[in-house]
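Visitor: Below: one structure in structure tokens.
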Amino acid sequence: MWELLKSYWQILRRPSVHYSLGFLTLGGFIAGIIFWGGFNTALEVTNTEQFCTSCHEMRDNVFEEMKTTIHYSNRSGVRATCPDCHVPHNWTDKIARKMQASKEVWGKIFGTISTREKFLEKRRELAEHEWARLKANDSLECRNCHNFDYMDFTRQSKRAMEQHSTALASGEATCIDCHKGIAHELPDMSGVKGW
Amino acid sequence: MKKHLLIAACMGLLSWGAVAESLDAPAPDGRRLGGTIAQELQAEEMPKVENKDLKRERNYPEQPPTIPHKIDGYRVDTNSNKCLSCHSRSTAAKSQAPMISITHYMDRDGQPLATVSPRRYFCEQCHVPQHETPAAIPNTFKNIDQVLEGGASQP
């Protein structure tokens, strides 16, 4: 094994005998573009609602619940898809989240939530992960669309205005602290602060 | 033989006509005015929910207060109760929302409980939001003050 690795290292170390420097640099450049493009395309494919709902775990549970909420159907027709809220839009954060999500492949293979009962049992844990994530990044995914700087308090109801102009404005609370379960049903909320 | 069949067919058609007419009788004028039972009428425009956060007068002291705000998407089930996240004893101070009354913390024998009584848990059984629209069916209800003012002769 060590000998094999060593021989490859020797090949890598030697200057090219047959190919010109121009071919190697240009070829490497073009191959790089193709590889990078392919990588990003594949990444984007996994970042669509169609991809998320291709598994029955998502399609029959969380996606079905979301259909009745305002983030799916509303007066203006602007809607959020799964990755809008569950995957950061920034590239580095997105890659970090995607690496985390490899655990979900494990879950899919071993059927962690393959039935409705298993899903309901695990819902609190899954929800807590999302709450913790949104709390830690100051509800970044909410703020991709709901920008505090452009909120018109005068167009909000009195109760909403009071909360948004005090707790939210001072940074004391973030969106997820109050707006839990706005796109999906809630797990057993006993012991959750504010519930 | 052929003649008999023809007569039977005619009778059948006639009775079918009679049945069809009785199935499509004029509808009683209830909340939906006019039309027949089988007829589909244009649905009325859906009114907006009143969202002013102003307490409304109660028609009698025991009346469950109506909800003066929108409750779209408020979930009340075995897992969570969105109403109680503002109106329960422990959260009312922070939200400044009216605390649900002491009767909600009693069982049916009047025994006080630590938390909301299960029979009072489903808020919308008694408390409902109101729409910005006149009553679908006018009524002649008079509250006690109006009855006293009008004298006993009033119906």
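Note: Cβ is positioned from N, Cα and C throughout, glycine not excepted.
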Visitor: Using only what TrEMBL says about heme 1 binding by A:Cys52, A:Cys55, A:Met58, identify which of A:Glu44, A:Glu104 is listed for that site too.
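Guide: Matched candidate out of A:Glu44, A:Glu104, per TrEMBL for heme 1 with A:Cys52, A:Cys55, A:Met58: A:Glu104.
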Visitor: Using a Cβ-Cβ cut-off under 8 angstroms and a sequence gap of six or more, which residues of the chain neighbour A:Cys145 (heme 3 binding site)?
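Guide: Listed in sequence order, they are A:Ala80, A:Asp84.
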Visitor: So which other residues, same chain and not among A:Cys52, A:Cys55, A:Met58, A:Glu104, have a Cβ within 8 Å of the centroid of the Cβ atoms at the heme 1 site?
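Guide: Residues close to the heme 1 site, other than A:Cys52, A:Cys55, A:Met58, A:Glu104: A:Phe51, A:Thr53, A:Ser54, A:Glu57, A:Arg59, A:Cys82, A:Lys108.
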Visitor: Could you give the mean pLDDT over the domain 'NapC/NirT cytochrome c N-terminal' (A:15-189), rounded to a whole number?
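Guide: Looking only at the domain 'NapC/NirT cytochrome c N-terminal' (A:15-189), pLDDT averages out to 93.
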Visitor: Near A:Cys142 (heme 3 binding site) in space, meaning Cα within 10 angstroms, which of the binding-site residues do we find among A:Met58, A:Cys85, A:Cys175?
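Guide: Close binding-site residues: A:Cys85, A:Cys175.
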Visitor: Given the binding-site residues A:Cys85, A:His179, A:His184, find the one whose Cα is closest in space to the Cα of A:Met58 (heme 1 binding site).
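Guide: Ranked by Cα distance from A:Met58 (heme 1 binding site), first place goes to A:His184.
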